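Feature list (source: Swiss-Prot):
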BINDING   23, 49, 53, 56  iron-sulfur cluster binding site
MOD_RES   94  phosphothreonine
REGION    9-15  region 'Inhibits SigH sigma factor activity'
REGION    28-34  region 'Inhibits SigH sigma factor activity'
REGION    38-44  region 'Inhibits SigH sigma factor activity'
């Protein structure tokens, strides 16, 4: 396994697997980990992968900083009701697509 594997490197299309997960799968699940929305099993698999994959760990760190920045800049602001409703609908639609029939 390359020390530099991860989503931003030339071989990001490989399914580099650390901790039982490929880089693409880890990148797709980063926000569920940051938001505390993944299962304990998925959290452990993500943790193992991030410990072994510097590229994905860098990506995780970037997303973590973005989340913190958004949290500090948007504190107390409330989205307009129309936007909130559109987001709710999109989340439901995405959940249905990911969850399947």
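Every residue gets a Cβ built from N, Cα and C, even glycine.
This view paints the features noted in Swiss-Prot onto the structure.
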residue	record	DSSP class
23	iron-sulfur cluster binding site	helix
49	iron-sulfur cluster binding site	helix
56	iron-sulfur cluster binding site	helix
94	phosphothreonine	helix
List the helix, strand and coil residue totals of the region 'Inhibits SigH sigma factor activity' (28-34) as derived from DSSP.
7 helix, 0 strand, 0 coil
Is it possible to get the count of other C-beta atoms within 10 angstroms of the C-beta of residue 23 (iron-sulfur cluster binding site)?
25
If I take the alpha carbons of residue 56 (iron-sulfur cluster binding site) and the residue listed as 'phosphothreonine', what is the distance between them in whole Å?
24
What number of additional C-beta atoms lies within 10 angstroms of the C-beta atom of residue 94 (phosphothreonine)?
10
